[in-house]
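Asks: First the structure, then my questions, so here it is.
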Amino acid sequence: MRPEIEQELAHTLLVELLAYQFASPVRWIETQDVILAEKRTERIVEIGPADTLGGMARRTLASKYEAYDAATSVQRQILCYNKDAKEIYYDVDPVEEETESAPEAAAAPPTSAAPAAAVVAAPAPAASAPSAGPAAPVEDAPVTALDIVRTLVAQKLKKALSDVPLNKAIKDLVGGKSTLQNEILGDLGKEFGSTPEKPEDTPLDELGASMQATFNGQLGKQSSSLIARLVSSKMPGGFNITAVRKYLETRWGLGPGRQDGVLLLALTMEPASRIGSEPDAKVFLDDVANKYAANSGISLNVPTASGDGGASAGGMLMDPAAIDALTKDQRALFKQQLEIIARYLKMDLRDGQKAFVASQETQKTLQAQLDLWQAEHGDFYASGIEPSFDPLKARVYDSSWNWARQDALSMYYDIIFGRLKVVDREIVSQCIRIMNRSNPLLLEFMQYHIDNCPTERGETYQLAKELGEQLIENCKEVLGVSPVYKDVAVPTGPQTTIDARGNIEYQEVPRASARKLEHYVKQMAEGGPISEYSNRAKVQNDLRSVYKLIRRQHRLSKSSQLQFNALYKDVVRALSMNENQIMPQENGSTKKPGRNGSVRNGSPRAGKVETIPFLHLKKKNEHGWDYSKKLTGIYLDVLESAARSGLTFQGKNVLMTGAGAGSIGAEVLQGLISGGAKVIVTTSRYSREVTEYYQAMYARYGARGSQLVVVPFNQGSKQDVEALVDYIYDTKKGLGWDLDFIVPFAAIPENGREIDSIDSKSELAHRIMLTNLLRLLGSVKAQKQANGFETRPAQVILPLSPNHGTFGNDGLYSESKLALETLFNRWYSENWSNYLTICGAVIGWTRGTGLMSGNNMVAEGVEKLGVRTFSQQEMAFNLLGLMAPAIVNLCQLDPVWADLNGGLQFIPDLKDLMTRLRTEIMETSDVRRAVIKETAIENKVVNGEDSEVLYKKVIAEPRANIKFQFPNLPTWDEDIKPLNENLKGMVNLDKVVVVTGFSEVGPWGNSRTRWEMEASGKFSLEGCVEMAWIMGLIRHHNGPIKGKTYSGWVDSKTGEPVDDKDVKAKYEKYILEHSGIRLIEPELFKGYDPKKKQLLQEIVIEEDLEPFEASKETAEEFKREHGEKVEIFEVLESGEYTVRLKKGATLLIPKALQFDRLVAGQVPTGWDARRYGIPEDIIEQVDPVTLFVLVCTAEAMLSAGVTDPYEFYKYVHLSEVGNCIGSGIGGTHALRGMYKDRYLDKPLQKDILQESFINTMSAWVNMLLLSSTGPIKTPVGACATAVESVDIGYETIVEGKARVCFVGGFDDFQEEGSYEFANMKATSNAEDEFAHGRTPQEMSRPTTTTRAGFMESQGCGMQLIMSAQLALDMGVPIYGIIALTTTATDKIGRSVPAPGQGVLTTARENPGKFPSPLLDIKYRRRQLELRKRQIREWQESELLYLQEEAEAIKAQNPADFVVEEYLQERAQHINREAIRQEKDAQFSLGNNFWKQDSRIAPLRGALATWGLTVDEIGVASFHGTSTVANDKNESDVICQQMKHLGRKKGNALLGIFQKYLTGHPKGAAGAWMFNGCLQVLDSGLVPGNRNADNVDKVMEKFDYIVYPSRSIQTDGIKAFSVTSFGFGQKGAQVIGIHPKYLYATLDRAQFEAYRAKVETRQKKAYRYFHNGLVNNSIFVAKNKAPYEDELQSKVFLNPDYRVAADKKTSELKYPPKPPVATDAGSESTKAVIESLAKAHATENSKIGVDVESIDSINISNETFIERILPASEQQYCQNAPSPQSSFAGRWSAKEAVFKSLGVCSKGAGAPLKDIEIENDSNGAPTLHGVAAEAAKEAGVKHISVSISHSDMQAVAVAISQF
């Protein structure tokens, strides 16, 4: 059979087999069963590229056949040919024979298994245990030139040897990186001495062959150097190059040449870090040697044993006893020598043992004491008495002046947005809180907002104005009055309901009988039936009856006995309730009106019963404490007054414990600070959450003059008790207060402890609630006594309890409370009554507290018995009443007992009653649940299983909808039209700079996710999804998972599907922990750990060191450096050198410093540029900060809707796209490598220098994305870089050097910068912050009292800016207008970082007596219209003279001159010149009118350009670094600017301090701030500084700034200011304006056309963004320029060259021939020229030329249109494609006709209907009226008209023939 037929048949067979394979089911499970069960196969070998089927077979064996094989003794082998070659071929290692000379070794135990384990761990399949002898030698062969070439290339490319194909040249392999190519060529030159011509273009195999001829087979300088570096930097200490070669020789039998080959291969397999031990190094070498053998096609031999035999375990074995016998004498000698030396040195060798024995005895004694203490007190007690008080952690809140303005503004907008619609209790409560903080600053602030409230916008604005005016009046009235606690909330009662399904619901509902606290006081005074008691007369009558019944007791009937029992009970009850009520000497006659409930009720039941109020005071007598009408009357008067007029605590100092969230104490605390008190409150659970709770409380309730101090405190600790009181009274290191009130409410529950289970917790509780409470009072007494404060006793509100063991199961709780009552007697018996007064409050049932919340459900049932339970609000009101001056005065006379029990003490068996009520509720619930369950079962039986589906509640969980939104476009009628009248056509749009895109990479991901966190303080579901993607927690998957098709998110680690709605729940905690400001994560900074910051210490060695081995080159370098202090000698066997450092040589020894800057703002953990699509080779080449810049550039373009950067070149020339991105420092990683790593001689890329330049990052942007030839400017402005960049970009566009610019800044975080900032004391000290109780997230606190330095951060921020005209033409979104950019330096000084005030010059002006008329936009409009008319007249005159010019030139050059071409070009020039002049006029009178005018400040002028004033700047984003000096200086600068420019009083800016969230990224700072302000413009939401817990008092004087701590939704921001300050006297400011002011310069048609473009672009960007997320392709690097190489110079030199879509590939690229430049108005110009030529060719004719601006015709003015156009022409114009242009053309034509008749125009108001323009080919007008008469008088026979349009104007030529 012929070969060709064989080949054809083989091909056919292969195709058929493959078809069969693909078409048939695999049935592998069945196949396995046949092989394993039916055939019982024991040895299976897989032949294939990987161990696939074998792995499946192993799993099948383990799951199905393991027990079967064990039972049948079947042993199976699963082998794969590419891993188990030796086992398949039965190629076993030779067994070493036993040595005859040591017969006993056979019986000895085998040697340690450790070496064997090491061998098993090695990846080499042929590895075996170390042997007694060397391996058999392998035939040696030197390395080839190709081996070295390929290795050097692979090592430089950081690729495996197999990934470097030999058929490719170096130029192809480096991928266009010329620097890398030059490095490789340099290495080859160093290695071989010389290289062939153009080695970069020669394939590697040819290059190696050409070098082989002159190659000597030895390693050259470069390869030897790399190998030496590998061994010294990655091998363990002592394992030098000689040891490496010796191991390769003895282990594998490799000669010098083969060793070279192995070491060359090792260069391409270099470990990431130094290998830890010698066995691990040998494992690495084994792996390399085996791969070398596989590559070289040789077989490595196993080492053989030396001698005649060897031990099976690899070495001769000896009996340990024999070894011990051999060494016994030696050890004895050593011991003897040691003892002699010790005696000589007078040392006791047993000192340590003796000390240990003594310490053991001491330890036993101490341990016994500890055990005893532990046994007696228990673990809970031990941990519960640990002190926690720390004055450093004290938080002081006193900035009520700032929170007042914040609350007033929030309330204003709440009313405007309809959240507060009616004047309800909540509004009244807010008003009272604002009144309590009333101050002149607040009044000015409110007055401005109310005076400028735009009531025409709707009812809510009118309501806001009405309420605001009323509130202002109220605030004025209380301006000099003390703040008061006044609660206007509705009193509530308990309500427990059980629905039909048996669900128990408890809620607080308003009490119908008490709508306010005044009613509540009345009810408390009235008491109830349960608190009734018999008066004196009734008791006497009852006693007489009882006496009579006793006398005839033996004759009593059954009914009489019952009567006797009832009477007796009444008498006993009356006596027990209040014995002194029947004694006239105490309270007088019962008929005398008393201050009790019966009097208040109006009808005392004299002679029958009276009531005790639910709230009453008791007085002590000889029998105990009894209800006192007199004292109770005083107390109820106080409560009534407090409910009506409020209660002030101004000037009072209070200590509170036990005021945690949800407690009575917290409500009391609110009342105290509302009343102006200074309170120190303690917390046993000190944390950020707790301090934020108290801060929020103070911000809401804190009144003028109040102060809240929060400290950590454990009342179980005696040390804390003393330290706390010392802190309060210490005038230097503490508060320096003298206490007026002590409210010690701290307690811990002891539920479930009866008398037989009193434990450690009970003892601790007793200590807290009794022992240390008394200690606390004692400490206060001692301090008052020591300071001589005898006339200012502190009132103690003792928390008593009615529970005197009544409830039980509460440990020592009742004993603790009962014991407090001894203080009532001690007050008399001890000597502290001058310092402390006692008011004991028996606190009743208070619902919702931690102790009583479990009983809420039965509270309603208990109240039905006639008693009263209390809400926390009510009980706090009761307690605050006890702190009123009247009660305080009573306490100074005698201790006061306040019974606030609500009559609860009158209920017998309360516990049983509660149990019964709870049982009834639960039984009812259970019955209803059972009924519902039964009904459901019945329903299923009757109607089917699925019948309930329609009735079940289904909660629809929202899915993530990741939007990619452009800014909201304003509506024309509501937002733009009101501005259009003044702004239309008033600016030169080519000179207006707008922001069309922005982006950032920072600690919170990107600008979208950062805004979510900044605006709302949390991530949405969409934000979590995007952050999870950014951090690599999830990725998108589209394909099969577990046999099912799946498209969606999967977990990156497990590959398991993750539903987007579950992303927030699953990943949010991790995201928050690893984003933002946090502890430095070493893995993000190449292992940098600030706790172990490495420094080098130089030392001089004092004795010769042991020699070590190095290469000849390295050894000579040591000799060169150290001279005689080093010895070097050659090792003859290896050619290496030994080096010995001698005495006097210097060494640099690393040491670790514990650095205190532990926290920084870091990009989210897991951020990876690969995820965005940046190629691997770029990531390895560039500095990490370059990656930030590249990602930002891609995202900035995407936010502008530009998905292909080459799209710019459809609209502008290559030279008009600029790059102004800058940095403060640049590539810090590159700088670190260049200076530190290079100094330490670490491996480093050769072109590291280029990556350190600050402009390199911009270069990479251009090389990978833009390919532009536009201006590149690289600002370096330290922390102000980004704003300086905006300034440069703005000027570049305004000056016409570019039309598009990328601006922004970037900087990285690096340990060197962190250390030097710390040395300057500029940054926050994390250790100090931790000591002050701050979390990392709190450490950046701009404007606060405790700010302590800025927090470093890293990232990049960017904006894409362009001229407004280009933005409109492209249809890109416009985020904001850049109205002004300025930079400034400062004065003479010596401090580089000192903050300056040079930016004040932005407001520089020296105004005249009257404001400049240029500030009036109407005045400027008049001037502009006048200038436009002049330009049109000039244009008309130039067109009229064209023919004469042409005739004159033709007369001089009759042959070559073409009149038509000349006229065409000149007319186009006139048209262009007219447009230029008009734009110049717009620029001069619109954009630029204020420049060089000392009467107008740049800031004022920039705003006036858009019709705005300084009062309309809504927000200011501050540099706000959280340093003491900057925050104060910056606020001062802004305030001075506003004041100087006449901003109205009270019109305070809202301050944004973004760095509390992001930290300070230096170069990127201004860009992030600017981005945030653009988001504020779009949303109207002003984010607050959430870390502003207490604004510094020094900021109060800056009255033009509000410092919000929470986000405030406004009704719109018109303009903003961004200020930025940088080290080195850099100050910068940017003013941004809402884009609606730009749209107001357009007409409606232009705006609608733009809107359509933007919407189309947004859809395209949305698709691109989502594809980028799914495919990791947001960044797409360009591989080539948009033009072919041969077109480069043509494209560069032709400013009109533009790209076009390639018909085949759809790529944007420059066509071979530039498009013919066409003037937009060429056709219209041609028509004008033809008309003029016709006119000059016609005798007896007169020409009229008129030019009109298209936008000068107001077509919306119907009256005007009626006067100039008849109905037929109006209809024609309205139907035209551009009605505006058509109307302008008709107007121009009529004016031209007038001019051709020789009649002067009568102006815009003249009726032009007399001239009717026909639409025929001649365009002959029909004249009527005055026009017809004028034509008749002039003898006009015929008139023709030609009309033409351009984008901006209409030109008409009329010719009248006579």
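Every residue, even glycine, has its Cβ placed from backbone N, Cα and C.
Pulled the feature table from Swiss-Prot, pasting it below:
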ACT_SITE  C1279  active site, for beta-ketoacyl synthase activity
ACT_SITE  H1519  active site, for beta-ketoacyl synthase activity
ACT_SITE  H1560  active site, for beta-ketoacyl synthase activity
DOMAIN    1097-1634  domain 'Ketosynthase family 3 (KS3)'
MOD_RES   S178  O-(pantetheine 4'-phosphoryl)serine
REGION    580-606  region 'Disordered'
REGION    651-848  region 'Beta-ketoacyl reductase'
Asks: Under a three-state reading of DSSP, tell me whether H1560 (active site, for beta-ketoacyl synthase activity) is helix, strand or coil.
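Replies: For H1560 (active site, for beta-ketoacyl synthase activity) - judged by DSSP and reduced to three states - the answer is strand.
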Asks: Report the same-chain neighbours of H1560 (active site, for beta-ketoacyl synthase activity): residues 6+ apart in sequence with Cβ closer than 8 Å to its Cβ, ordered by sequence.
Replies: G1161, C1279, S1340, F1350, M1351, E1352, S1353, T1521, S1522
Asks: Averaged over the domain 'Ketosynthase family 3 (KS3)' (1097-1634), what pLDDT does the prediction give?
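Replies: Computed over the domain 'Ketosynthase family 3 (KS3)' (1097-1634), the mean pLDDT is 94 on the 0 to 100 scale.
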Asks: Write down the Cα-Cα distance for H1519 (active site, for beta-ketoacyl synthase activity) and S178 (O-(pantetheine 4'-phosphoryl)serine), rounded and given in Å.
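Replies: So the Cα of H1519 (active site, for beta-ketoacyl synthase activity) lies 41 Å away from that of S178 (O-(pantetheine 4'-phosphoryl)serine).
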Asks: Return the single residue from the recorded positions list (S178, C1279, H1519) that has the minimum number of other CB atoms within 10 Å.
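Replies: It is S178 that, of the recorded positions S178, C1279, H1519, has the fewest other Cβ atoms within 10 Å.
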Asks: Need the DSSP three-state call for H1519 (active site, for beta-ketoacyl synthase activity) to compare against my parser.
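Replies: Once the DSSP labels are grouped into three classes, H1519 (active site, for beta-ketoacyl synthase activity) ends up as coil.
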Asks: Reduce the DSSP letter at C1279 (active site, for beta-ketoacyl synthase activity) to three states and note it down.
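Replies: For C1279 (active site, for beta-ketoacyl synthase activity) - judged by DSSP and reduced to three states - the answer is helix.
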Asks: When DSSP is mapped onto helix/strand/coil, what comes out for S178 (O-(pantetheine 4'-phosphoryl)serine)?
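Replies: Helix, per DSSP.
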